[in-house]
Each structure stands twice: as C-alpha cells, then as structure tokens.
C-alpha cells in the first residue's frame, strides 16, 4: 500500500495521525481532489462518487495489477476488496458477501458492477463458465433498465433492492447465480416528483423500437402522449442515451436466452401500461355515483395492447365485484366506483402489471443463471440496495427503504462494533471499549414485539373502517414517549409537524413521513376483477402473470409491509451465514457535479455511517482472529516444531490446541503487542502479519507436496505391480467367460425369433464385451440381412415393387431434398375412380399403346407443364416403359411431342420444399418443366423413380439426378428451332395467397415461389 501523502492523504483512515471527524473529512477530501476516490478502513472500502470517469481506474491492466496482490500491498480500490473476497472464498471455503451501503446517488450500483466485472475477469474460464459469466454481466443492463430511474439526486437510481448470489465450484469458477429483488418502487410507474422519470425501460422502448413496431403496439415515440410519462415533465437526461440503452437491453436479453416472442410480449405489456394511464373517467349524467369511461378510444387502445376484452377492462376499472359465500353458495355483487376510486383502480392495475412483469423477469433470469447443482458450491453475495432517502414528501416507500437501511446498519454494528468488542471480553483480551450508537431501538420501534409500527399497520389494514388518521392516532398512543418518534400529539408535541405526519429519528437523520396512503400501500390491493381481466388476455405472458383467483380461499393476504419485513429478515440470515465485506459509498454533493465538495454533507454521511467509530475499533483491535485448531491446521507446515507432526510431542499440563499455536507464533518472531492469545483463538493485530503467514505457507507447500508425491508414488508403484500380475491371470479367464456368456444371452434373446411378426426388431441386444465389439457388428449384419429377406418374401409382388421404388427414392432424395416417404406409390393415378375422366383416359391410352407400341404405364398424374413461353398448362403427365407423354385432359390427346426416355440426359430438382422437376433431353428434344404437387400431394419423387427405373432398363446406365439452387432449361426447342433458355430460381414465402408453388417470370429468369406452410411437404410435417 502506497503511504505517500502526496496522494492527498493517507490511504487508510486507521493510519491517520489525529483520529477526529475533521481529520477524516480533510483526508477524504484531499484524496478525492487527487482522483483517489477509494480509502480503506482496515478491510472496509470507503468510496466517493466522482460523478465523472477517472482515467485508467478500471482498465484491464489495473485488474491484473490487483489480481495476485494482498489487500494492503496496493492502493485502496474495489479491486483490492474484490480480490480479497475471492481469495478468502478459495482459501477458507466459506461463503462471502459484500454489503454496499450509502445514500441514493453515492455510487452503490456502479460499485456492484465493478465488483462483478472483477470476479468475472479473474476467475477460471471454460466455455460453460464463460457463458455463465456473460449472462451474469448481461443481467445488469436488463435489471437497470426495468428497475432504475432518474431521480432528482441520481440519474441512474436503483428503485429496487437486489441481492445477487454468485455460485462458485471447488476450483473457483462461477457456475451459476441467483437474484433476490426487494420492494420495487412500483408507484413510480404512475407518478413521481417533477424533474424525475419513470423506469428507464419505458423511454428506451419508445426511443429504440421502430415506428412500425411501436404502431403495432398502439404507441408512438411522442412521450407527451402518455399521461404516466408526461406528468413529471422530464423526458430526456443528458447523461443517458435511451437508444443506445435499448440496444444494450436487446443484446442482453438475447445473451440471456429470451426469445423474440417473449421480448415482443414484454413490449406489448409495457405499451399497455402506458396506454392505461391515458384512460380518464367521467360521472354518469343520468345516474349518481356511476362512473363511465371518458374516451372510448383510450380504453380500446389499452385493451388492444394488453390483448384483453375492452368491455371486461372497462367493467374492472369502473366497478368492483364482491364475492360472498363459498362452494356452491358463492355469489357476486357488483358495486360501482366513484371517480377517485376508478382512477385509483386504474393506477393499481398499472402498478400491479409492472411489478409482476418485473418479478417474472427476475425469475426468468434466475432460471437461466441457476447452477445445475448447488451441492458443494460456494457463494459470493453482493447486496446493492436502496440508500437512505429523505425527500420533501416521504411516504410508505421511503419508510420501507429507510427501515432497510436501519437493518443494514444494525448488522454492521453487530458484526464490526458490538460483536467484536464482546468477543474480546469473552476471550480475555485487554480492551478499551469504543462508544457507539446502537440503532436496535429504532429497528424495534419499526418491527419489534409486541407493538411496532408494522404491527399497527397490519392491524389497521384488517379493519375496513380504519383510515390513515386511525393509524397515526394509534401510533401516537403507543409511541408517544418513545425517544425516536415524534408527532403533533406525541409527548414532545412538535407543533411544526403537519397534522398528517410523524417524524422518526433514524440513525442517518430525522425523516418526516406523510401518513396519507400508508394503509392503501400496505394492503397493496388488486381487485379480483382486474386479475380476471388480465388472466383472459391472449398475451400468454400477461395471462401467466395473473393466475385465476381461488374464490373459496379465505386466507388473508400478507401485507406489503410484513412481506418486506420478512424478506429483510431472510436477507439478514443470509448475510450472517457469510463472512461480510463492506463498501461504504459517499457522495460529495447533492447536485451530481464533478469536483464539487459539500463538507457538511460529507460530515453528515461520515457520522451516520459510523465511520469514525469503525476506525477506532479497527485501530484499537485486531485485524485477524482464528480458533487454535484451524490456525494450527493451516500454518503448522511453516514451523519445524509442528511439522512433520511426529516431531511435536505434548508434555503433561500443556494445552493440546494452544501450545502448537504458540510455537508457530514464536517461530514467526512476533512481538507481544502484535498478537494476543485468547482462551480459544489467536488474535493478530496487523493484516500484514497475516499476509506474511500466507506467503511463508505458499513457499512451504511445494516442499510438502514433493515429499507426499514421493511416498505416494512409491506406494502406488508397488501396489500396481502386484495388481498387474493378478489381473493378467484373471483377464484371460474373464474374457473367455464373458464372450461365452454374451453368446448365450444373444441366443436366449432371439429364441423363436422366426415366429415374431417383426423378426426381432424390438429385441434389445445384449451389450457385448469390448473384445467382441467387431464380432457383434458382424452378427448384427447377418441378422439384419436375414430379417430383410424374411420381410421382403412376405410381401406380394406389387408390394415388393413399391418397396424397391421407395428404397430407390430414399437413395436419391435422402439428405438432398424433402420428400414424402409415407405415401403409397400407386403409379397410375389417372385410371383411379377418383378421376372423373378415367374412362376417356383408359381409352386414349389404349390407342396410344397401339400407335407407339408402349406396353405399360409406370406413372400417370395431373400436373402443370410449363410451355415454351413459360406459362403453366394443366396436363396429364404419363411415364410408360418407353416415353414421357403430356396429355390434354380435355380430350387426352398427346400435346406436341413425346420424349423418349432413352433421350433423357438428366433430371434436376431444387433442394427445397417445392415440387418442380426439370427433365433435360438430347437435342432436338425439348426439356420438360413439371410441377407435380398441384393435386395436394408430393408426386415428384415417384415420377423421378419411374423415369430412373425405365432408363436403367433401356440403357443399362444410371440416370444422373442433380439438386441445384438454379436450373437452366429449354422448353421450346424443336427440330425446327432452338427455343429459349430459361433460368429457374427458388424462393420461399409466407404469403397466404401462395398455395403450393408459383412461377413468377421476369425475362428469362423465373422464380419458383413456394409457400413455407401451404405446400405438400410442410402439410405432411404437421
């Protein structure tokens, strides 16, 4: 650690010459002016928000600088604390946590991101680990977009609490993570102070989505069109680029594995929330106490974005259903809402939808980040939660946020001030007590038993007639003499307070709370009508956020205050199960201006964070303590008196745990003031002594490893030689026995297989021994040939012929072009009774056979034949044993010329789902272009097989079949003219008007446009 005071001050408050509040302010200000924003208090890092980028502060080179260093070897930095956290995780195999605290705008969120980036950079890597790291880091921009907002004091203020647990395996590689969120400030969705913004994601979505996408969601880029956003008169922030932010969110969602549909559903829901705010109400002109929708268009727009029924939404916003009875006797009564209640209901729905969407987002991220198994995993927890808040108007949200900060301060006191001093007393260590304020009295006021503010809120929330004034009255009665509670009616009778307010004297300062809205926010009511209206939404994400209500359930819902209190207590239990580390964040001024320092604000933060007391305890206390058995177990190898263990013998009267620890300390040459020997633990004052211990241990470990390796290798070698001799004998016998046993299993498995209808297809072959791997393959081939022969011989001659055609088709098309292998090959479809002109066709074929001496029809079906002008002609396509004919279905006359099969040079098809076939022939015969899918079935494969078979019979050669993206052919060539060459290309389409395939001509380049879904192959897949 650099002790050069030219850096503006000492790097560790513990090293200050004078231990006063003024000295602390001078030291932190001096360092801040030199851009040294971090200062130590022992292992605690105090961070001052610079409100600017400090060059090189978070570079990769800076990370490497801290990677292999102990905490006090380098200047104060979050990297130093991060490295200490990671080192302790691996050294002591104990869960660690980092608690980041401070006021709103002090830089807590940035500190947590820097910490996560460091852990990701220095931990071990692999493809799977890198995936987890990337998803872990990419969760930050998503949660910031949905959970952060611009406030008067902070352009990127966290409006929710987050505790992230990163799970590490035995080697220190991150393998998973989980996030717990606390108290989202959902009221920000519907309103906020002038000059503030709602959550970032609303502005990012409107700026980042295209006009077409926004229009499909019923919104536009004009923020002033939305009441929920325009109410605070702040749409842009100089330090925030919403377009860039939205791109980062989209990229992060992709990295986390969110589908396009999930993202679209989220944008729909967010648009629906904005449109809900545009719904206003009016009183019914004819009926009193009846509320109507003011603008039907606003209602329809919101319902469309939320994909729910406009009538159901209108009813849910203007009336409330009360259910009575249970089971078969259940009944419902509809009560109209007045204007104020309707507006409250609308806002409650908007807040409820956003809160549930946010919770779903966190759960979805957790499901993607979760480790496959948590067994044996170590954890680093990072707590980034609200800073202490004091506004002009403080409500239920600020009450909960400040309660959370009280709990964290109490935890800090318990772990760093109170428990440390109590431990010195228990261990018999001489100690001069340090005085400090214990805020447990404030925590008990808020959550204690039997009576507390939260218990009174819950009691009043259960009574329908109770109002906020009722709650304040009960608080005045219960706490009128409490030292940290004041109101106009309390014992102190502070008449400067408004009638509807009370004051709590928090550890961080006095806060006046407006009681109005406390009970409603504590009840957190969302009427069943609203839930039902959202549950029937056709947006699957939205409907899943609102599962159907259980009308028979009489269980009272847990209030928001109690839920938050329980969550906080669970959080405290998690933190107590870890070794804590602290980052105390401070802001230099309230105006977010770089280089500006408000000494009084600094003094206030130093005082309420208890930093001076922390320094006193650290200065007077011991940086490291450890039970004797664990200390000896870890460091015995550095002392010749305790290693190897056989050298150390106990004398009568010696303490079996304390004595070896004393020998290690003596070997180190520590002076009496550097350490203390307690009743059960050894205490070391200076952390540099601990680092020296670790360095010596690191030097001794290789020597120990060499000795262990030598002994172990000798033992292994001797054991292996004995085992090898025995194994050789056993193997010879065993291999012979396994082979014989396998043959017996095969024989038993295939007993009576000739009587099996499938000839043993479903029989599970016994796993062969390794020596018989090749032999088993040969046996399986013999069986397969036998089975094939049996099956073929069982078929009729017609079935055998069809099977040969199917096998040939598989050989030609498999892996090259989609085709229908499940369809029966019937060859002549035109003589079928399904053809109304089958009789004319049969008569025409008889004349054709007599004229051209053909003897059989191998394929006949209707299709489109493309003529010399590249126009489709509906024809009967016939393949005989000699020729390919095109019939006019009107009179079954042969059109143009027949094509002798022996004159066919090759057949071309595309590799796609179209049914086009191009037959190339020797000049002067023209090429043929057919579409053999117009009857709703894929017949191209059967046509190709028929031609290939006959060509083989006539020429003795295999006809070439080609699969190309672009095919050239000449459909107009004749003995009298060369015709025109056309090029055929292929393109898929989603156009519902396209059925099967179409040719779109453009000069001599034609495109076959085939439907992705409405073609024979695609239909067969479904």
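Every residue, even glycine, has its Cβ placed from backbone N, Cα and C.
According to TrEMBL, the feature domain 'Myosin motor' maps to 8-698. Taken from TrEMBL, the feature ATP binding site covers 102, 103, 104, 105, 106, 107, 108, 109. Residues or ranges marked as region 'Actin-binding' in TrEMBL: 568-590. Taken from TrEMBL, the feature domain 'TH1' applies to 814-1011.
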Legend entry - In three-state DSSP terms, the structure that residue 102 (ATP binding site) belongs to: strand
Legend entry - Beyond the site residues 102, 103, 104, 105, 106, 107, 108, 109: chain residues whose C-beta lies within 8 Å of the centroid, for ATP: 49, 154, 387, 585, 587
Legend entry - For residue 109 (ATP binding site), nearby residues of its own chain (Cβ under 8 Å, 6 or more apart in sequence): 144, 148, 156, 158, 384
Legend entry - Stretch-averaged pLDDT - the domain 'TH1' (814-1011): 89
Legend entry - Proximal but sequence-remote residues of the same chain as residue 102 (ATP binding site) (Cβ under 8 Å, at least 6 apart): 47, 108, 387, 388, 584, 585, 586, 587, 605, 609
Inset, instruction - Sort out the sequence-distant neighbours of residue 106 (ATP binding site) for me: same chain, 6+ apart, CB within less than 8 Å of its CB, listed by position. - result: 47, 49, 387, 585, 586, 587, 605
Inset, instruction - Please list, for the region 'Actin-binding' (568-590), how many residues fall into helix, strand and coil according to DSSP. - result: 9 helix, 8 strand, 6 coil
